[in-house]
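All remarks here apply to the structure that follows.
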Amino acid sequence: MRLHLITVGEPKLAYARAGWDEYEKRLRRYHKVQVTRVGGRTGAQASEAIARAAGRAPLILLDPRGEQFTSESLSAYLDAQALDGRGELAFAVGGPEGHTDDLRARAHRLWSLSLLTLPHDLAMILLLEALYRAATISAGEPYHRGST
């Protein structure tokens, strides 16, 4: 399955760029990965750009109003989407203003990485690490050591 990762802007901090690069490389061993960076001076502009970038793919917005996954439940969700014949899922990290209500209404799902407020750069790394961890769980590989 192809995972389309959409972010507003580039990681700005060196640790974030390094983390993004590392987990993107790891994730590519399990999935086709497409990365799209969009711009937008306002939340509305960024949300419009995210919607255009996602196209017809089911859109999963990282949003504090969303549900939380365990690593195992994220793995199961991704496996179920693949079994249902979805060739692509789009995941979007919004900008500083978050997502618009219109984009939230269009989304296939809202996913909250944490109850904490996270810096944009850190949210991007957490997204990639969570997807990578889910892929290793599905593959039965030893990266994940949590309990099921």
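Placement of Cβ uses the backbone N, Cα and C atoms for every residue, glycine included.
The S-adenosyl-L-methionine site in Swiss-Prot is built from L62, L113, S114, L115, L116, T117, L118 plus one of G40, G43, G94, G95, namely G94. Comparing local CB density within 10 A for the binding-site residues L62, L115, L116, L118, the maximum falls on L62. Around the Cβ of L113 (S-adenosyl-L-methionine binding site), the number of neighbouring Cβ atoms within 10 Å comes to 19.
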